[in-house]
């Protein structure tokens, strides 16, 4: 006991000397309980939702606002502000395109590819490529449909470029804007609805449209069955990316509202694909004027042509 008392006094003397040398030093009492972070405690209760908590906005997740403007130091009217939205390399773009074409079941597209560095470079050029692909392929399809008809004269329809551009870019910007506003509104009523920024939603929609580029090229084939099979196949791939991305964000909401939200997302996506196919490729049969063939007896013979 005497030895133990002498040891404790020696420890106290060392501590007193340290405090005298550094009065600002912090001491720790062994009687103070170790406080468990609230975040860690909540995650221990629900270990199966760690990925969803990260996506749906916990304290340790990235807090992004409209166009992730909170992270941008430059004013929004400067070129440097918008340059950050195109700060992405070729490998990242190709990896995100591959992820949109080959979606992994149960994996979130934002968490795997977008959240680290959302960009507008890929969505902008994907939409631009899709616009010209649909316009050019639509003109070629119209040419092949009426090829061989003697009275048909091919005239390129350049207005299809402007119509396709208006349709594609309006869908790629207005639909994400409406979805972002709806999710933010629901987030004010129900906790943990969404933490996606507008830039992330635009990025998801832009990359999900890539599958329609090769599909539009194959739509040149003048067979309706083949075209509709391609529509269904492309819609299933791109639609699955949207469902797996936005379903975790709304599933904690009211069941009917969550299903209606996902159903609306798929419906608008299907309307874009079917509308482009119907307007640019399934051209109606034209009734051409019947050619007049002179007869040998001085009369004329009118032949009916469709």
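Cβ atoms here come from the backbone N, Cα and C positions, even for glycine.
Curation plays no part in TrEMBL annotations; they are all automatic predictions.
As stated in TrEMBL, the feature region 'Disordered' covers range 29-60 out of the listed 29-60, 61-92. The stretch from 120-141, 161-185, 197-222, 257-281 with the most CB pairs below 8 A to the transmembrane segment (228-250) is 257-281. For the transmembrane segment (161-185), the residues of the chain that approach it from at least six positions outside its boundaries are 66, 123, 127, 130-132, 134-135, 138, 193-194, 196-198, 201-202, 204-206, 209, 246, 249-250, 261, 265, 268, 272, 275-276, 279-280, judged by C-beta separation under 8 angstroms.
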